[in-house]
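Peer 1: Dumping the structure here so I can ask a few things about it.
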Amino acid sequence: MAHPSQLGFQDAASPVMEELLHFHDHALMIVFLISTLVLYIIVAMVSTKLTNKHILDSQEVEIVWTILPAVILIMIALPSLRILYLMDEINDPHLTIKAMGHQWYWSYELTDYEDLNFDSYMIPTSDLSPGQFRLLETDHRMVVPMESPIRMLISAEDVLHSWAVPSLGMKMDAVPGRLNQTTFIASRPGVYYGQCSEICGANHSFMPIVVEAVPLQHFENWSSLMLEEASL
């Protein structure tokens, strides 16, 4: 959960998000070193009239400043491609959940169960309980088992939406007529908040996402309770 005046990312709650944080720090350090070097060269050129005739026309210097940027780009590209393939890889998911975007709410269907589906609406500010977050709480949370690979099938029924939970490193567009898929593993129990990240209409900011990761036993109890309610 983000807090006021926070500058960095939210704490990682999945292995993929941990990798993304490490890559962010890696890339940011390279950018910082390049910026420092460029600033030093600018200051040195502006603050002194001295020049070096061996640098003004030097084949060796041209070779260095051609090869060095290529090496730096490779240092950034290889970790980036590794994470990209990790995010796209789906191996033997324990649970499949289909999320459908509507104007303006989300509906979920646990496809491994026969009749386990529900809609998730934002709780109005006037109905919030003490301790709940305004514009982020929903009447039905998406409950998932922790430490289990979850496959998400994401689509929309009307306009473009985007299913995003920053703590889990999740952001996938919901496109009408197209079924996108991604995966995540919640590495610890907790409640993780997200919002639609695609401008989808007047109430775009009023369709939050709440993912609650619980131990497997608690998830089974929750699914049994939801199935009993659906059968009534």
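Including glycine, each Cβ sits where the backbone N, Cα and C put it.
Straight out of TrEMBL:
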DOMAIN    1-91  domain 'Cytochrome oxidase subunit II transmembrane region profile'
DOMAIN    92-225  domain 'Cytochrome oxidase subunit II copper A binding'
TRANSMEM  27-51  transmembrane segment
TRANSMEM  63-85  transmembrane segment
Peer 1: Take every residue in the domain 'Cytochrome oxidase subunit II copper A binding' (92-225), average their pLDDT values, and give the whole-number result.
Peer 2: 93
Peer 1: Can you break down the domain 'Cytochrome oxidase subunit II transmembrane region profile' (1-91) into helix, strand and coil residue counts using DSSP?
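Peer 2: For that range the per-state counts are 67 helix, 0 strand, 24 coil.
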Peer 1: What are the DSSP helix/strand/coil residue counts across the domain 'Cytochrome oxidase subunit II copper A binding' (92-225)?
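Peer 2: Counting residues by DSSP class gives 19 helix, 61 strand, 54 coil.
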